[in-house]
Amino acid sequence: MVFEGHLVGTELKVGVVVGRFNEFITSKLLGGALDGLKRHGVEEADIDVAWVPGAFEIPLIAKKMANSGKYDAVITLGTVIRGATTHYDYVCNEVAKGVASLSLQTDIPVIFGVLTTETIEQAIERAGTKAGNKGYESAVAAIEMAHLSKQWA
């Protein structure tokens, strides 16, 4: 038997957590995610967005959303761009680990849509120009995973 999640978002409730740091990028990711959710049938009233200060704060609010019982999936969006110090490595590692563990802890799909790029240009490319919009891709993944995970509920 083959199991697949379909891409119809009607009747799904989705939480989105967005890091405000690098907002000129994260706002584009959010726009892409909202577009993806709505294009696939998720009603605007069924989408909640929580802004947090930066990427490092994303896992806590994503966990609270996932544990609330109100959402079929949670999308995390942020942008971490390498600077001159090792701070980038610590933030990227902790955010990735934090978000990755949430689906296993909560049984709710928590989608990792946090950009970790070497340059501003790479981030811009992934927020709606050359490399598509990772926010949109995260929305599609959330819909698919919400349906797929319900097959074993």
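Residue 1 is the first one shown; counting continues down the chain.
Just so you know, glycine gets a Cβ as well, placed from its N, Cα and C.
Of the residues F3, F21, Swiss-Prot puts just one in the 5-amino-6-(D-ribitylamino)uracil site with A55, F56, E57, T79, V80, I81, F112: F21.
Here the candidates are the recorded positions T85, H87, R126. The one whose C-alpha lies nearest to that of F56 (5-amino-6-(D-ribitylamino)uracil binding site) is H87. Annotation for E57 (5-amino-6-(D-ribitylamino)uracil binding site): spatial neighbours G19, criterion Cβ-Cβ under 8 Å with sequence separation of six or more. Largest Cα-to-Cα span within the (2S)-2-hydroxy-3-oxobutyl phosphate-binding set A84, T85, R126: 23 Å.
Within 10 Å of the C-beta atom of A55 (5-amino-6-(D-ribitylamino)uracil binding site) sit 29 other C-beta atoms, taking all shown protein chains into account.
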